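Chemist: Below, the features straight out of TrEMBL:
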- A:Glu463: active site, proton donor (ACT_SITE)
- A:His65, A:His303, A:Arg399, A:Ser426, A:His515, A:Asp523, A:His527, A:Arg574: substrate binding site (BINDING)
- A:His105, A:Gly155, A:Pro156, A:Leu157, A:Asn226, A:His303, A:Phe491: thiamine diphosphate binding site (BINDING)
- A:Asp196, A:Asn226, A:Ile228: Mg(2+) binding site (BINDING)
- A:396-579: domain 'Transketolase-like pyrimidine-binding' (DOMAIN)
- A:His65: site 'Important for catalytic activity' (SITE)
- A:His303: site 'Important for catalytic activity' (SITE)
2 protein chains.
Amino acid sequence: MAPSAIPPETTTALDHLPVNVSNETNGQNGKINEHQLKNVETTSLVLRTFRCLIADLCEQFKGGHPGSAMGMAAIGVALWKYVMRYSPENPNFFNRDRFVLSNGHTCLWQYTFMHLVGYRNMTFDQLKSYHSTRTDSICPGHPEIEHEGIEVTTGPLGQGIANAVGLAMATKHLAATYNKPGFDVVSNTTWCMVGDACLQEGVALEAISLAGHWRLDNLIVIYDNNQITCDGSVDLANTEDVNAKMAASGWEVLEVADGNNDVEAIVAALVAARSSTSGKPVFVNIKTTIGVGSKVAGDAKAHGAAFGAEEVANIKRAADFDPEKSFVVSETIYDFFREVKARGRELEREWEELVADYGEEYPDLASEFALRVKGEFTEDWASIIPAKGDFPTVPTPSRKSAGLVCNRLAAKLKTFMVGTADLSPSVNMIWKDKTDFQHPDLRPACGITGDYTGRYIHWGIREHAMAAISNGLAAFNKGTILPVTSSFFMFYLYAAPAVRMGALQQLRTIHIATHDSIGTGEDGPTHQPIELAALYRAMPNLLYIRPADSEETAGAFIAALSAPDTPSIISLSRQNLTQYPEYSRRDGVTKGAYVFIEQADADVTLIGVGSEMGFAVRARDVLRDKYGLRARVVSFPCQRLFEKQPREYKAAVLGYRTRIPRVVIEAYAVNGWERYVDAGYSMSSFGHSLPGAAAYKYFGYDEELIAERISGFVSVVKSEGMESIRGEFRDLNVNDH
Amino acid sequence: MAPSAIPPETTTALDHLPVNVSNETNGQNGKINEHQLKNVETTSLVLRTFRCLIADLCEQFKGGHPGSAMGMAAIGVALWKYVMRYSPENPNFFNRDRFVLSNGHTCLWQYTFMHLVGYRNMTFDQLKSYHSTRTDSICPGHPEIEHEGIEVTTGPLGQGIANAVGLAMATKHLAATYNKPGFDVVSNTTWCMVGDACLQEGVALEAISLAGHWRLDNLIVIYDNNQITCDGSVDLANTEDVNAKMAASGWEVLEVADGNNDVEAIVAALVAARSSTSGKPVFVNIKTTIGVGSKVAGDAKAHGAAFGAEEVANIKRAADFDPEKSFVVSETIYDFFREVKARGRELEREWEELVADYGEEYPDLASEFALRVKGEFTEDWASIIPAKGDFPTVPTPSRKSAGLVCNRLAAKLKTFMVGTADLSPSVNMIWKDKTDFQHPDLRPACGITGDYTGRYIHWGIREHAMAAISNGLAAFNKGTILPVTSSFFMFYLYAAPAVRMGALQQLRTIHIATHDSIGTGEDGPTHQPIELAALYRAMPNLLYIRPADSEETAGAFIAALSAPDTPSIISLSRQNLTQYPEYSRRDGVTKGAYVFIEQADADVTLIGVGSEMGFAVRARDVLRDKYGLRARVVSFPCQRLFEKQPREYKAAVLGYRTRIPRVVIEAYAVNGWERYVDAGYSMSSFGHSLPGAAAYKYFGYDEELIAERISGFVSVVKSEGMESIRGEFRDLNVNDH
């Protein structure tokens, strides 16, 4: 490995720095400029300038969150100027430190430091677009992943810290998989900023437990401990011992007493955190004052509103600045940060050299690594998915079908990291010879094995963190890791805020959601989803796919794998499903809906969906045999995919030009199906605790009854004409429950 | 207060019991029968009988969760026989201890103890209906509130412990409000059983923090520490120091080493927990073995499946029972529990006497208390809601309108407990002179006041626990407390699993959801709900109500208060809304939809909704002035209320008999509206970070553009006929974002 060529001004007197600053041994070390760190006057000028700038930026549009951004000024200087390893001129440098602003409302703080250190797009003009009406702003009200230098979109509290856990896992996993002695090709640190709020949200608490369990010592969470939230003092709602709680969760805890001004102490703590040998994630508790430098310092009033012109002037006076001047950033400030770019270029150069040498030493591994860096699969996934003929034709639960597809993919594709929220025996996601993702020294009990190369993840009973951390895994470097989560469909309601964040961020994750209807049975209404599909069918950029049999399950995976910017939920049965190899088609699934059974001179179109397809097919037989009615059947696994089809295709499938009614049969609330059908055989209440088959029967899912009701509906239409039902949707499954 | 008349057999040798058992001073004391407690042989017989019975009950239908139920046998004996204060013959006795089975899958454990102690409906025949196809079973796969003796429905993990926090809060609040020296008319304890899973779920962790903060020393959580979940050892996913974490969260921690057999030690710990003077909630960590007595004891295999006939026989042999006989419960067992009923009757009698004496001493307070016990409001809420003329006619945000209604209700009705997930400045739920719900000794920081009489709750940034704990408040005694929660609408996605549990349990809570559309503005797409209404409109037994102005907001509260068995979400704007006193009608809201502006010979019906009503009304003007088209306007705040109306009403509002098209205008995903309209002007993507007005504009919400698109659509219909659009829904808001 080539020695670092450190720019001259960054090599002075490192020995005299406090705790461990001079002691770092961890990979490419962007050395710390102690000369400037000890220059109290310059530092003070930087902090004062920064705070006045924040006040000005909020004041111009009379909004925003100035208080925490001001309180975190010194933390920002420590991070962006001294500690973090990144390259402002190439924000996507693969081995960069990842930074997550979990308290995303303070984004102006991040944008401003990104500007000062020279992120290529973050001009002063852009900085001033915060809270403006500019539609091309890269400074939205919360950080958004679309913009260079932002690792993940944050804002909903608690998500960011969970994402950070995923980013740190990704580093651990890739390092364990690809690093070789002397070749730490993956060695970055993940930094995460949290406020008081993130430490209260359940998703964060779940993620904190997992980070401690996995001993992610490359994760450093910095707590902006200003003890203020919207309502006022944190003590209004939280009086626990945060440090003790973190320690009990397996974290190392460090503290900084004066986070407002003592950049040196912050740097020392952050460097100590990075170089710690505790083998634990580190929680750096830094005491700050919200709105420091203003009249409302330490008060909730500083949190979520601009200060007003008069107080902004006061802030400037107190900071020894001209109250008449706004947006003042002297050249001294830019000079102060100027070394960062050069250091970043140097980090990149070092890493590129390292990777080049690695390629000579380990050519096979290096070429696989190169594919992973590019975000490409290392094998052709399409050839791995079983053919129709490979599936059993006996009735099969689609959760089992999903295992038949996904286990093969996971075994062969290193991109896959597959996990479950403690439902391994139910979700069929374990493949032969899988290795668990675990800390290699974790052998506390009966038969636990695994290490960081492992790609099977035991999430515990933490659905929300599972999905949120998976977003972090997916965001590490797009395409490098494809997380597959699994649980009962009902419990994707727990995970919903994180599933949404994945869809919003265009991060591909595949969610395996089993036990997807009242067919799940005796666990009862708490476990039987009725209304949840309505959420996911309405959620932008999410594929909610309900396959009807094994062949359609293969189609669901193909659809998910063909959509690099879109997460999918594959919704599967607990119970056995009839297989329809003569009708079902994987390519039909990828179109969202297709004609399952065509019928000349049909009287009605039945829409069958996923786990309830059998009712549609059997009702068709009863309609024919008992009522002399001809029904065609459409399989409709995914509304969003169907919407993407050309109008002609949609018209052909649904029969826009024919004058026969359409009826959907599904054991969910019908909401949303009205777009495609004139009547629904659906659920209008919560479920009931009965064995699956009995639960279906209890709620009228019985082909005889379905056919009777549909026959009655078709008769009305025949006698009174299609116009008689126009605009008045019919619920055909009316029962007393 | 009358001295307790203790039945003779329960008064022996209490002095010799371990820690504190003999020391209890806490209200009506159902004294502990030490004679039986010391009878090791009888206890062993009870435990062995219980475990064999569990194995038999699971075996008959080849399913269920036997392992934990067997492991918790001794805990059950301690609770139902010795420690809990309740009356099996009157499960609704007001001052009973509340018991919550947060690990709800072990419900067979609870049902079996309920049978043994003589709950009036829990016959042996009913016990055997667990997992059967009997639709009249009161033994569903998870405990359900509908059945006597079950305090809350549990199953989704983590919910139960949060509910228990709510139940304990209810006791503290009612006790602080109504108890007088010598008259502890509300004095019950809340017991909650949790497994390993509940301690991992975020909602539980949020609730644990709050219970510690509020110092709910009447809450005792019993941890069935068997270290097994579905995947295997808890160590697979959780290696934290649970006791230390609970202590850091403000809990007292007690431990029992042998939870399988040592009933005496368990009783001692539980009694110590109840009589503790630590002023903290108590966590009793009891080590047990899942499936104890079976071959798979201590293994995940014992968790979620029946053992099989052979192993059930082995279990019986090991228990010294006849392997050929099933469902054996000897009279000795019933004798063992026989005292419980008498003790329960005595507890009731004591309480009734106490309340009678209280009525003589404090007649006014007692009559108010009597109303609360009956679940009735103490004043006429209808007369408190402002009249139309009381509202300002200037543009007003509906979040402010909600404050104008709810603050008056909360000030006058003691039934209301109103809280916010740390958004007090945004949600307008604070009324003049409100008192915070806080522990009275909590004065750690700047200006925090409050006590347990307080009815304003600072939930912290814990939306999920807010809703889940509120379910507990509402479940304490139906109607006694009406919880009102508040947050941004988007964050009711965090709370959704608990909102669902409230709807499923028919518990009335009012959720105040502000910032309900892209109009919320610059916080960006993470804060702008697009798809969330689709979930809540599809959720059974939930009213999602979007009022358009102050008058409709009054209507929303009337609808919510008129539905004692249904929770509501009242969905409100951040931004100013035009007031329509000439059109808006509170009684229209209670019908779900109504004609807002009638129009003779209309060309089109526009459906306006909530915060976007203004676009519909203004588009109507543009259609008239620019396109010569006549539009009628329907206001449609609540789909579920509309569905309850007679067909004639629905037809009149929507114009089933007319041949003009209907268009909805709303800045949400359109899913579900297709039931009522032929076309939608709606959102098909996530939002964008822009100030509210600019965000609307960016997404095409502009009356000129809306009118132009609707005019085009109406032209097509006029020229090609209504039949041309049949069954093919039109999205009119097509843009490039």
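Just so it is clear, glycine is given a Cβ too, placed from its N, Cα and C backbone atoms.
All annotation found in TrEMBL is predicted automatically rather than curated by experts.
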Chemist: What does DSSP call A:His527 (substrate binding site) in the simple three-state scheme?
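Modeler: In the DSSP reduction, A:His527 (substrate binding site) maps to coil.
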Chemist: Taking the Cα of A:His65 (substrate binding site) as the centre, which of the binding-site residues listed as A:His105, A:Leu157, A:Asp196, A:Phe491 lie within 10 Å of it?
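Modeler: Near A:His65 (substrate binding site) by Cα: A:His105.
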Chemist: Check the DSSP secondary structure of A:Ile228 (Mg(2+) binding site), expressed as helix, strand or coil.
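Modeler: The three-state answer is strand.
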Chemist: At the level of the C-alpha atoms, what whole-angstrom distance separates A:His105 (thiamine diphosphate binding site) and the residue listed as 'active site, proton donor'?
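Modeler: A:His105 (thiamine diphosphate binding site) to the residue listed as 'active site, proton donor', Cα-Cα distance: 25 Å.
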Chemist: Rounded to whole angstrom, what's the largest C-alpha distance between any two of A:His105, A:Gly155, A:Pro156, A:Leu157, A:Asn226, A:His303, A:Phe491, listed as binding thiamine diphosphate?
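Modeler: Spelled out: the longest distance between any two Cα atoms in A:His105, A:Gly155, A:Pro156, A:Leu157, A:Asn226, A:His303, A:Phe491 is 35 Å.
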Chemist: How many Å lie between the Cα of A:Gly155 (thiamine diphosphate binding site) and the Cα of A:Ser426 (substrate binding site)?
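Modeler: For A:Gly155 (thiamine diphosphate binding site) versus A:Ser426 (substrate binding site), the Cα atoms are 34 Å apart.
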Chemist: Taking just the CA atoms, what is the gap between A:Phe491 (thiamine diphosphate binding site) and A:Arg574 (substrate binding site) in Å?
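Modeler: Spelling it out, the Cα of A:Phe491 (thiamine diphosphate binding site) and the Cα of A:Arg574 (substrate binding site) are 14 Å apart.
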Chemist: If you count CB neighbours within 10 Å, which one among the binding-site residues A:Leu157, A:Ile228 has the smallest count?
Modeler: A:Ile228
Chemist: Sequence order please: the binding-site residues A:Pro156, A:Leu157, A:Asn226, A:Arg399, A:His515, A:His527 that have their Cβ under 8 Å from a chain B Cβ, otherwise just none.
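Modeler: Filtering A:Pro156, A:Leu157, A:Asn226, A:Arg399, A:His515, A:His527 for a Cβ under 8 Å from chain B leaves A:Pro156, A:Leu157, A:His527.
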Chemist: Let me know how many other Cβ atoms fall within 10 Å of the Cβ of the residue listed as 'active site, proton donor'.
Modeler: 36
Chemist: Determine the Cβ neighbour count for A:Phe491 (thiamine diphosphate binding site): the number of other Cβ atoms within 10 Å of its Cβ.
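Modeler: By my count, 24.
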Chemist: For A:His527 (substrate binding site), list the number of other Cβ atoms lying within 10 Å of its Cβ atom.
Modeler: 24
Chemist: Given the binding-site residues A:Asn226, A:Ser426, which one is most crowded in terms of C-beta atoms within 10 angstroms?
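Modeler: Compared across A:Asn226, A:Ser426, the most Cβ atoms within 10 Å surround A:Asn226.
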Chemist: Spatially speaking, which of the recorded positions A:Pro156, A:Leu157, A:Asn226, A:Ile228, A:Glu463 is closest to A:His303 (substrate binding site)? Use C-alpha to C-alpha, please.
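Modeler: Of all the candidates listed, A:Ile228 is nearest in space.
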Chemist: Please report how many Å separate the Cα atom of A:Ser426 (substrate binding site) from that of A:Pro156 (thiamine diphosphate binding site), as a whole number.
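Modeler: A:Ser426 (substrate binding site) and A:Pro156 (thiamine diphosphate binding site) have their Cα atoms 31 Å apart.
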Chemist: Could you measure between A:Ile228 (Mg(2+) binding site) and A:Leu157 (thiamine diphosphate binding site) for me? Cα positions, answer in whole angstrom.
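Modeler: One finds 15 Å between the Cα atoms of these residues.
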Chemist: Tell me whether A:Ser426 (substrate binding site) sits in a helix, a strand or coil according to DSSP.
Modeler: helix
